[in-house]
Amino acid sequence: MLLCLSPAWLMKVPAPGQPGEAALLVSKAVSFHPGGLTFLDDFVPPRRATYFLAGLGLGPGRGREAAELARDLTCPTGASAELARLLEDRLLTRQLLAQQGGVAVPATLAFTYKPPGLLRGGDASLGLRLVELSGKEGQETLVKEEVEAFLRSEALGDILQVAVKLSGWRWRGRQAWRLHPRAELGAVVDTVLALLEKLEEEESVLVEAVYPPAQLPCSDGPSPGPGLAVRICAVVCRTQGDRPLLSKVVCGVGRGDRPLRHHNSLPRTLEVALAQCGLGEEAQVAAVRQRVKAAAEAALAAVLALEAGLSAEQRGGRRAHTDFLGVDFALTAAGGVLTPVALELNGGLCLEACGALEGLWAAPRLGPAADEAVAAPLVETMLRRSARCLMEGKQLLVVGAGGVSKKFVWEAARDYGLQLHLVESDPNHFASQLVQTFIHFDMTEHRRDEENARLLAELVRARGLKLDGCFSYWDDCLVLTALLCQELGLPCSSPAAMRLAKQKSLTQLHLLHHHGPPWPAPSLHAVPCCPLESEADVERAVHQVPLPGVMKLEFGAGAVGVRLVEDAPQCHEHFSRITRDLQGEADHPGIGLGWGNAMLLMEFVEGTEHDVDLVLFGGRLLAAFVSDNGPTRLPGFTETAACMPTGLAPEQEAQMVQAAFRCCLGCGLLDGVFNVELKLTGAGPRLIEINPRMGGFYLRDWILELYGVDLLLAAVMVACGLRPALPTRPRARGHLVGVMCLVSQHLQALSSTASRETLQALHDRGLLRLNLLEEALVPGEYEEPYCSVACAGPSPTEARLRLLGLCQGLGIDGPSYPVAHFLSHFK
């Protein structure tokens, strides 16, 4: 991230192939480094900006220069002069908030002269009256009638004062309001008429209610001084999926008989401000905070909806969007309920006030309200939009298309502007129509991966593909992908590391002998096991591995064929069954049988099961996300339920992340997005297996929903040799608890009460989160989950109870599939 203190440090150059747009180049800037270090850097040649946020000041000077720099850029911009003008029009924003956002605004009478098109034709709002003037002179009679009716209207309630002010971007910060008692009709009319003379087109004169200080119920402490008013400033940011998120709330407290503004009061937290005014009861303060959050997020949602209907010219460029918003509220007591009333929208002032609060020497003592930097969600949005800019147009080769559960890949690629080229064994795969280039190549026999990698590299070169990266998210194709990257000179973890992680017994045995340094060593997390290729291997293994144990396919996926075995006869019986039923790819496509059907026996460890999804770049851990799994239906190990974020204590969560990270490094996995399955035992984390690719099932979707981090985008960036900029301590925006549906257990429900259409309709209404994992309802002995159904909530308990009720109503819960038991780990 770079800070440019002068417009002269930046320049715009025409963008080739994009008429009317320009690239922004940086020749000089302040750069920031860990430990608080800053440097003034000169860039030769200049660097290309991938995101621009301008400080749009008022009037001539640098603000105007910054506005011109921000216009019509090829890179994303977080503000523009055109959007700022809209937000600085109090009348327009009040109408927008009242009509679109359902946000309380002051009762307002507006006299507008040649109003902008966005104001025309809007539905009338309660307490918001627009009077369109044909001219600025000769309006005395109309003004008097309208003002008199307004001052007598019920919309003002018990208001004793009104303010008269000008509205329009020209007047922002340049004029003081004029206060009048409500009873002084003549004075109000005279002020309105005087201000009408200053109007230009698309400007207005506002007569608005001035709310007295809310009479807060006193706490147990001494009564506060009379007449204290609270002005609340909320900063809200645009996050993943254009969803508003409250970032921080800061308040000012002052005398109620004087205008309370940003620079004439000290910033403080909402809790401190309300306590100074006599409200210290925790539940009431929490209720006020929730109302402020709802109103602020609704305000930004209304602004984003307005922007969606604007042309690129009206926004100031194709890539111009409002990424953050400051909303100023007055706190009123309407009907005995403390209600925030939106006064105006701004950006810089609210952000500045929050920064001032964070900069106080006592900030570390302020508690949870000061834990997160106000700019954190904004910076995440900047980085996300910057990443999209970097990746747009990148040429990527995808090896293996996968099934219906991976349909999101093609949708996301279109959204990100990626140019995908696909290698796939199925010539009729639906994804063949969704890519730039389709290469049909039979790669089902993975014991020929080295030969196939050379052949594929020749095909890529013959087609003249200029690739930026190559990656796979499909288990069967991971080693082939690493070999192909090696042939093409593209970034990837080494083939040796991929082979080590792909073969489960090899993973465990390698890590068992990895004693460090560094310490704690990966050997602490590995589990004793024995590879099985024959009945003789089984006989030897039952004497080497403590029983009960777990038998599974060496190269398997989706827990197919995984079984708890109690003694030697069960081991022999299960080995015989698997070698008979699952001999090749045709017996069960997509679970690794192209590698053969060798098995392993590993020690069964007691404990709770967890997934850790990691993003690594150059051997450094960039991000980690931990989720919890419910108890499985022994002797099988098909997943039943899951919860995110984890309910583990912070120390245990850190142990899981470090164990997963060390196991990946121990296998040589240095670059990529990986999924590591572990159990937390009394002695610490124990490794189940490493999946050297992005987590499957619902994981990418849940992480995107809760944290705003897209593992797919991170994976393709790493594949292109680009380091993803991810939040080091991402905040979850809620909780998700889900349950798997199996055809063997839910065929009747999935064909009736919980049909695909019913589940999709509930998903579309936001009542559940559906992740479809299979296309058809086909029962079988060796099955994978058909779908995942989840519910969201502000707490794991609420999400769990919602899901349980839903499963009972849909027929997913039952005696043979006790959902309450599967969710019991999440209490």
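Any Cβ shown, glycine's included, is placed from N, Cα and C.
P569 (ATP binding site) falls within a helix when secondary structure is assigned with DSSP. All protein chains considered, the CB of P569 (ATP binding site) has 10 other CB atoms within 10 Å. For 542-611, the entry in Swiss-Prot reads ATP binding site.
Here E677 (Mg(2+) 1 binding site) comes close to E609, H610, D611, L687, I688, E689, I690, N691: these same-chain residues lie at least six apart in sequence, with C-beta atoms under 8 angstroms from its C-beta. Look at Swiss-Prot and you will find E677, E689 tagged as Mg(2+) 1 binding site.
E689 (Mg(2+) 1 binding site) falls within a strand when secondary structure is assigned with DSSP. With a 10 A radius on its CB, E689 (Mg(2+) 1 binding site) counts 21 other CB atoms from all the protein chains. The Mn(2+) 1 binding site feature in Swiss-Prot is assigned to E677, E689; the stated evidence is sequence analysis.
Per Swiss-Prot, the feature Mn(2+) 2 binding site maps to E689, N691.
Under the heading Mg(2+) 2 binding site, Swiss-Prot lists E689, N691, citing sequence analysis as support.
According to Swiss-Prot, the feature domain 'ATP-grasp' maps to 516-720, an assignment based on sequence analysis.
DSSP assigns G596 (ATP binding site) to coil, not to a helix or a strand.
There are 20 other Cβ atoms within 10 Å of the Cβ belonging to N691 (Mn(2+) 2 binding site).
The domain 'ATP-grasp' (516-720) scores a mean pLDDT of 93 in the predicted structure. Neighbours of M551 (ATP binding site), defined as other CB atoms within 10 A of its CB across all chains, total 24. Under DSSP, V605 (ATP binding site) is assigned to coil, being neither helix nor strand in the three-state scheme.
Annotation for D587 (ATP binding site): same-chain Cβ neighbours under 8 Å, separated by at least 6 residues, are D581, L593.
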